[in-house]
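Undergrad: Mind looking over this structure? Questions follow.
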């Protein structure tokens, strides 16, 4: 299992270091456990193309059978994008990243593209309802949270 | 088939009573058939169990676990369409999902489904999310399997040193039969440990040796692996510059020497963003202005730091001097406030800086400066002398230094002249901070360079001397008072003692007087009967009679002296008991002694 995970991540890394879609770039992949990617949204007035957003991927040993944990990171020059499905602590409410919606066919690149398109199709610069309450009280890992996926438009 | 099934069923279930009583002849043939089938089944199970046991044993005995074909490194190129979407490897035992025909490794899809549904191998297709399952004919055609098994891979033991590259379909055989780096049991059957197949013929290698370079102990069988993979003294190839280096030096090599590492330009702190390989750094440095400026700026920065620290030191010194200066000002102003009509000088000395700033009030300043330079003497004399007559003031004030009469004028005039020119002239007519520790031993040493030194006016010298004299006077007077008090105390103490002694003596004398009185009265009484005889004796021999009387008195005195010792104790008691009675004793004593003298 662990062998399969590292083998696949190595292959993905080689591919990512080669070519990536526009707006997506690899920041750091020090090991096969945690990677950081930068994405920028190219065609949405809510997100200027110059602004980049930092994503952190955390892989478990059973990747790709299990979904990686993907959150936005706040850094000195990186903000967490305003989106009705992204909490201000960086947790993303996206069915793709949940155990129900995850498929082992996905990879880092496809997840980045999904999040990029989720941002690109957004029209409301706002946080999810109850954002402050959630950010203050949440101690769970993102994968343990029972999100209710009610919005099929994204 | 259905027939035998029904009969078999009837034989297994409890038979009805009628059938037991009359078993039909055909029933025996059916029962033998059943027995045969059961035997066959039993045999099949036995075979299965035997096989299972054998495979288990083979797995236990085989020291090399079955090869995971998904973890292999592929040598030959393969088509992207032959890749499993889950493990991203060329498909291993590919299966087609029913209904959607997407293809995965059997193990991959099984893992995916069992991870999410405990119910068994069914679920949604990972690619298209359609409900899917593995049908009985899920395996793909033999052609695809053959293509995949023909891909050439590296031996899984390549990390241990096996250089062979084989077809994927033959990897398992290579490991279990041929690979020299796969583990087999040791030739020595009593050893029970494993050894690499190529070392099998060397005999038991499980004795301890130590590595020649790192002195680590290990079995001989592991020495070669250690030397190739673990020993810190082994030589490895740098993966960037492909030069041979010692493993233990590789970090250092990467940091210091490797010519293929990208290093920043030496002018990076100055803003040069260029990064080039170490080998090509010289070329960049030759053209980079920032790199050339680097050392110069560094030297300048160092010098600036030095200057800054020196500046700080000077600042601190200045602060100390300024505090001393203000203390000096306070002393001076306190000194000035002493003379009665000296308000102008006070306002002059204390706000000296504000005076220096206001250049407009030049005339008043000159007048006040005159006042300051020649301070008004005490009122009894100053009333007679005008403040505008400096020489007389000065002579009256300090006749001891004839030099100072001339110097104040010459010294006060220079600060008045440059004042309008310089915006912030340090008030030169004020005492310097150095005069706080004025040297009393050589009080006029400052007047010698005073001609050019702006702070060494003899007036200030005199003032400070005056101040110090006053201090000394105060000290002397305090000492005198103390001495006076001590003396009076001492005298009082001694007085008390003497008085006590006198009282004691008085008591003694009084006792003695009383005794003498008693004795004389007794003598007189004794003489009264023989008064005529005594009268007679007066006529005959006054000296003899006097002598006889004197002898009797002497005897009485002797007796008295013996009694005196006893009396002394009594007197002491009296003295202690009634101390207050002592003042009256002198009068009493005098009275007694006079009485005694008259009696005698």
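Sequential numbering from 1, following the chain as shown.
Cβ atoms here come from the backbone N, Cα and C positions, even for glycine.
TrEMBL does not curate its annotations; it predicts them automatically.
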Undergrad: Select from B:225-275, B:276-326 the stretch of residues annotated by TrEMBL as zinc finger.
TA: B:225-275
Undergrad: Using TrEMBL as the reference, determine which range in B:153-191, B:465-503, B:504-542, B:543-581 is annotated zinc finger.
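TA: Going through B:153-191, B:465-503, B:504-542, B:543-581 one by one, TrEMBL flags B:153-191 as zinc finger.
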Undergrad: Within the domain 'TRAF-type' (B:225-275), what mean pLDDT does the predicted structure show?
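TA: The average pLDDT of the model in the domain 'TRAF-type' (B:225-275) works out to 79.
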Undergrad: So which residues does the zinc finger (B:153-191) touch in its own chain, when a touch means Cβ under 8 Å and the partner is 6 or more beyond its ends?
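TA: Distant Cβ neighbours of the zinc finger (B:153-191) are 61-64, 66-67, 69, 71-75, 90, 197-198, 200-201, 203-206, 224-225, 228-229.
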Undergrad: When the domain 'RING-type' (B:84-129) is classified with DSSP, how many of its residues are helical, how many are strand and how many are coil?
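TA: Within the domain 'RING-type' (B:84-129) the tally stands at 11 helix, 10 strand, 25 coil.
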